């Protein structure tokens, strides 16, 4: 089922990530971009509606045949669940209430987490900030696959399985690469999630719980939206570390596809990233970009030169400050 790829290690680089320098350059040339550095209060209402939509779905699936529970978990629940993880991504950057109300964002992230079924929001925030500060940092950035993933998932069939198992690897990778002490907020996130799951089970039974958990797992695995996991930083072109996607699925994902723009300006909400691209078009139009996440998934599996090893890695120098 495919040949072993030639790459046997990550692409080690000895330069800083490009985003900080480009941000300084763009702000010097386009200072009006600073006006976009403000909360997106519409995000609050979108998240509330998404939670209500899932609560409605939990109720509607409780008496369906199992085949329809599975069907709706993949067709509808997976989309909402994956979209919610990207709302949590927005909230982790304090996009809902702003930096001046950081704790409001943490509590809101725990609320947004509820229909996913598994605690995620607080831990994601801790590790995601490291991803921005130390992109590709060895032993720090847990977005980088482990050496085992790069070594083992090296054929077409195994890469396909790796995509299916993405939720599993994203869950265990922090424990392997950069374990951190459990925080008080993570315990609160866990307890709130357990309480919510118990209430859903008590009210509507096992089918609602299955729909909730299956939607989260399926949505983060073999799913068109999951193409963004690979599209963002896997090195399809040598020397290019971050890639943007400008296709229609940005409408469901809070513009996470605008990934060069996001790493350049992580304090600008996803809603405004298309404006960043429009204002500073000369910086983004000629960068490598995608228009199909499905094509990204296909190319990742079928291209024998691409594997989990296709990531830039760097040894960090100086003091490393983590959340």
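Here the Cβ of each residue, glycine as well, is placed from N, Cα and C on the backbone.
Per-residue pLDDT, averaged over the domain 'Sphingolipid delta4-desaturase N-terminal' (5-43), rounds to 92. According to TrEMBL, the feature domain 'Sphingolipid delta4-desaturase N-terminal' maps to 5-43.
If you look up TrEMBL, you'll see 43-61 (among others) marked as transmembrane segment.
Taken from TrEMBL, the feature transmembrane segment applies to 68-87 (among others).
Residues annotated as transmembrane segment in TrEMBL: 107-124 (among others).
Remote same-chain residues near the transmembrane segment (187-204) are listed as 58-59, 62, 110, 113-114, 117-123, 212 (criterion: CB distance under 8 Å, separation of at least six residues from the stretch ends). The transmembrane segment annotation in TrEMBL covers 187-204 (among others).
The transmembrane segment annotation in TrEMBL covers 210-231 (among others).
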Recorded stretch, among 43-61, 68-87, 107-124, maximising Cβ pairs under 8 Å relative to the transmembrane segment (210-231): 68-87
Structural state census, the domain 'Sphingolipid delta4-desaturase N-terminal' (5-43) (DSSP three-state): 19 helix, 2 strand, 18 coil
Beyond the flanks of the domain 'Sphingolipid delta4-desaturase N-terminal' (5-43) by 6 or more, those residues with Cβ under 8 Å of it: 87, 90-91, 94-98, 135-136, 144, 150-151, 154-155, 235, 238, 241-242, 254, 260, 263-265, 267-272, 275-276, 279-280, 283, 304-307, 309-315
